[in-house]
Ligand SMILES: Nc1ncnc2c1ncn2[C@@H]1O[C@H](COP(=O)(O)OP(=O)(O)OP(=O)(O)O)[C@@H](O)[C@H]1O
Ligand SMILES: [Mg+2]
C-alpha cells in the first residue's frame, strides 16, 4: 500500500531521563512556591519586630485581615487563570453590604432572605460582566472598569437617597441577625479568631479541588491558556468564562455580607480599591496576568502576606501608610518572578 | 483500495467574488494518506476548512462515508469522526501533557459533587497512546510548551486517534519544523495510517509528501492542477508538477536540504 516499507516501530525504552526530574524542578513548577517562601520570610521579619506577631492573639489579627482579602482573592485567581479580570470585585463587596443593609433595615426583610437576595443580585451582575465580555470581545479590564464605576456611583447615590447619609447601619436589629452573624461574622475562640478564617480555608480548599481535580478546572486552565485551542477541542469557552465572572461576583458579595454583619453597618465607599489587593494577592500567589497558570492556594498565600504586612506594620509601631509601599514592592517582585517562570514553561513555543 | 471515508465532488468556495476554490474532487480512504499540495494562496487551507466544518462549501458535494453532508460547525465534523490538527491552535502550551491530551473530554470517576478527573487513569492512557506513536513521556506533568514542535504535533495526533477519529486532517504539520522533526511527524502520519485512519496531509513540500502519500492532489490558484496515485507519478515528476518549471531551481535547492 505504501512505499515507506515496514511500519515505523515504536521504540519504548526504559526512560533513564525520568530520574533526572529533580525535586527542585518539580517544586519550581508549582505556582505558589514563591509565595510560600515569601510568607515565611515576612512572618519571621515581623516576629523579630514584635513577638506578639506570632502569638495566638496576633495571629488572630492578621488572619482576620488576610481572610477578608483572601476569600475574594481566591476567586479572582480562578478568574485570572481563566484569562479574565474583574475590576468591580472590590466595589462589589460594598454593593453587597449596602444591599443587605437596605433590605434588612429599610425594607425590613429577615436577614437570611436579605442574604439570599443579595447573592442572587450579585451573581446577576457577574453574569452581565461575563456576557458583555464574551459578546463584545472587549478586554474584561475595560468592561469591568465600567461596572466598577457604575456600582461605585450607585452605592453612593442610592445610599444617600435612601438614608440621607453615607452609611447603612442598624443591620443587627433585623430578624435573624444573631444566627447569621454567628455563621458569617463572629469570632469563635477566646483569642478572637474570626469565623471568616474558616470560610477562607474552606473556599480555598474547594477552589483547589475544582481547579485541579474537576473537568471545570481543566477547562479554566484551557480557556485561559489558549481560548482558540480550547474551543477547537470542544471546551464551551463562553460558558466557562461567564461562569467564572458569576462565581467571582458571588464570592465577593459573600465577603461583603460577612463584613457588613460583623460591623452591623456598611459605608457607601466600602470595598473601593480592594480589587487591586485581590489582584495583587493572586499575582503574588503565582497567577500569570495573561491567564492559564496559577493556583488557589497561591492566592490564599498572597492574601496571607498582605494580611501579615498590614498588621505587622501596625504592631511594629510604624505609620500604616507604609503598607502601600510594601504592596507595590511585593507586586513588582512577584510579576518579575512569574514572568521568568512563564517564559521557561512556554519554552519551545517562542 | 479501501472504503472511501471522505470525498469531495466538484466543490467550490467563493469569498465575495473571489473564487477561492473551484471544481475540487478529492477522496481519502481508510488506511490511506492523501496529500494536498500547492503554493501559497492555492487554496489548501480553504479546502481543509471546508472538510473540518469551519467553512461551508458553495457548490458541489461533500460526502462522509458516501453520504452527502453539510457541516455547520467544527463540532459537527468532529462528531462524524473528522479531526483536524491546526498547526498553532492544537494545544495549550502552559498546560501539562495529560491535561492537554484530555482537554474537553476528561475521563471522570465518582458521582455528584465528588465527580472528579481520573488523573491516574488519564496519565496512564496518555502515556500508553503516546508510546504507540513511539514517544516515551518523561513526565506527564510537563507543560506542552516545553515539548519540541514535533512532539506537540504528536500529542495532537495521538489525541485525535485516541478519540476515535476516522479521518485525520493535518494542516502543514511540518512547515515550521526542522528536517529531523519533519521526519518524526511523517512517522506519526504513517502510524495513524497503519491504524486504519484516512489521513489528509496538507503541505507545500513534495519531499515530505512523497514518502508517505498514497494519492497526491495539486492545487493551483484554486483549481485542481492534477490528481495522481503513487504508482502513476514519481518523485521527480511530482516536484516538477508542483513547481511548474519556472521555480524549479529554487525548489531543487530547497529539496537538496530536505
Ligand atoms: N475569508 C476569506 N475572505 C476572502 N478571501 C479569502 C478568505 N480566505 C482565503 N481567501 C483567499 O483564498 C485564497 C486561498 O487561500 P488559502 O488560505 O486557502 O491558501 P493556502 O493554499 O492555504 O496558502 P498558504 O500555503 O499560504 O497557507 C487566497 O487568495 C486568499 O486570499
Ligand atoms: Mg494555508
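From the backbone N, Cα and C atoms, a Cβ is placed for every residue, glycine too.
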Feature transmembrane segment in TrEMBL, mapped to one of the ranges A:222-239, A:276-293 = A:276-293
Of A:59-80, A:81-102, which span is tagged transmembrane segment by TrEMBL?
-> A:59-80
Matching range for TrEMBL feature annotation, transmembrane segment, among A:174-192, A:193-211 | A:193-211
TrEMBL lists transmembrane segment for one of the ranges A:12-32, A:33-53; which is that range?
-> A:33-53
Taking contact to mean three or more C-beta pairs under 8 angstroms, with sequence separation of 6 or more, is the transmembrane segment (A:324-341) in contact with the transmembrane segment (A:33-53)?
-> yes
Mind pulling out the one from A:33-53, A:111-131, A:193-211, A:242-264, A:276-293 with the most Cβ pairs under 8 angstroms to the transmembrane segment (A:300-318)?
-> A:33-53
With the cut-off at Cβ under 8 Å and a gap of six or more residues from its ends, the chain residues touching the transmembrane segment (A:59-80) are 53, 86, 89-90, 93, 187, 189, 191-194, 196-197, 199-200, 203-204, 207, 210-211, 220, 224, 244-245, 247-248, 250-252, 254-255, 258-259, 274-275, 277-279, 281-283, 285, 287-289, 291, 294-296, 298-300, 302-304, 306-308, 310-312, 315
Could you name the stretch, out of A:33-53, A:111-131, A:138-158, A:193-211, with the greatest number of CB pairs under 8 A to the transmembrane segment (A:242-264)?
-> A:111-131
Could you give the residue numbers and ranges of same-chain residues that sit at least 6 residues beyond the transmembrane segment (A:111-131) on either side and whose C-beta is under 8 angstroms from one of its C-beta atoms?
-> 84, 86, 88, 92, 95-96, 99-100, 103-104, 140, 143-144, 147, 151, 171, 174-177, 179-180, 241-250, 252-254, 256-257, 261
